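According to TrEMBL:
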COMPBIAS  1-11  compositional bias 'Basic and acidic residues'
REGION    1-33  region 'Disordered'
TRANSMEM  78-98  transmembrane segment
DOMAIN    80-490  domain 'Major facilitator superfamily (MFS) profile'
TRANSMEM  118-138  transmembrane segment
TRANSMEM  145-164  transmembrane segment
TRANSMEM  184-200  transmembrane segment
TRANSMEM  207-225  transmembrane segment
TRANSMEM  237-257  transmembrane segment
TRANSMEM  291-312  transmembrane segment
TRANSMEM  340-361  transmembrane segment
TRANSMEM  373-394  transmembrane segment
TRANSMEM  400-428  transmembrane segment
């Protein structure tokens, strides 16, 4: 094939989604490689990238072709997605178990709101800083083995953190930071494996299944944390649930997950891809406007969800004390009804939001190829007023507050799978793990790495120098959390 043929193919892929849709009859398919950086792949491999999934064969021949290229059957591929879903669920369950027992943790270590926010912040910082390392490794080495190492390390550290005495809060912070190793090794890699198993609408659906695990795992973290603490009479036991489940995850990874060839299903060839240098990868990603803008948009999602995830249960408990004029919890084990309810809401809204986001985008794409970013933007903008109303109604009606939280979280959840899908179809296979890592680093650096601590800091600042009371404790956190509504609109 001559240079003119390469240029012809490259021109098609650099047109952008609007013009690309006009070049193909099947407008319902997700645009693939709409950025000019796929020219690098042509140069590196000697074969032009091809669009797979633009035409769906009624007889299923495309599906057979896809799985013959990977050497992994459709059933095995779906099972692999199930294993990845389970591990993602476990990661988020562990992350928010601490949020579910935050009042007990504050009581045990005798800390204020700002220090409580640090528990989440140190974890996110570790996760954020290590993500580029695992992104680099994930684009070049066996992804299954990297995930096995990360989950093993994470499980051991989580178990160790449950035995730290109350005199050593700094050590507890250190262990929570090290837990970020496990999630960094997994979150940067798992979506790229799904991308190498499926294309087009099937990929979108499988990603939606994978990202169901985020809100569901968060909700289960609150539920497990509150229930295990209530049954055991000690919040430390809440941190001992996920390490045992982590062992199961390692076994499932070892015996079920198979490493698919990178990019084979999209190029319709099993010829190995050649990686470019890490610096070249970063330069290409920075020059990719779809990737950069979706990453900045997702940063606001991370800011809001990170702040709400840590502080919402505590805020609801404080609201209940003010509304019903009950005494603040001074016992070693507090009542965690609000953590349980918030956890259940998070599970349900996550399932509804992620599923609705994918289906709305899929249908809207038939008339507008830019459906993905529009659905994400509308979801975030619409969530802002509901988050605000949830805060201002808390001392008037907890029922109204829970209703507004339900609607706001559902709208927030529209983003999860769509943003991941956008990244996969605007970045070539050999730099997807790096792109995942870069998105994680930026969204957490400017998002939930600082938002839990910032909310706690603002809350403490409002209370500073004033006589302590239940109403002041509630109001200070209310005013601090209002920042989330403005960031969502941004």
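Numbers here mean position along the shown chain, with the first residue as 1.
Backbone N, Cα and C define each Cβ position, glycine as well.
Just so you know, TrEMBL annotations are computer predictions that nobody has curated.
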The transmembrane segment (145-164) vs the transmembrane segment (291-312): 3 or more CB pairs under 8 Å: no
Range from 207-225, 237-257, 291-312, 340-361, 373-394 with most C-beta pairs under 8 A to the transmembrane segment (184-200): 207-225
Result, the transmembrane segment (291-312) in contact with the transmembrane segment (118-138) (3+ CB pairs under 8 Å): yes
Long-range environment of the transmembrane segment (237-257) - Cβ separation under 8 angstroms, sequence gap at least 6: 76, 79-80, 83-84, 86-87, 90, 93-94, 97-98, 100-101, 144, 147-148, 151-152, 154-156, 158-159, 161-162, 182, 193, 224-226, 228-229
Contact check, the transmembrane segment (373-394) vs the transmembrane segment (207-225), 3+ Cβ pairs under 8 Å, seq sep 6+: no
Across the domain 'Major facilitator superfamily (MFS) profile' (80-490), average pLDDT on the 0 to 100 scale: 83
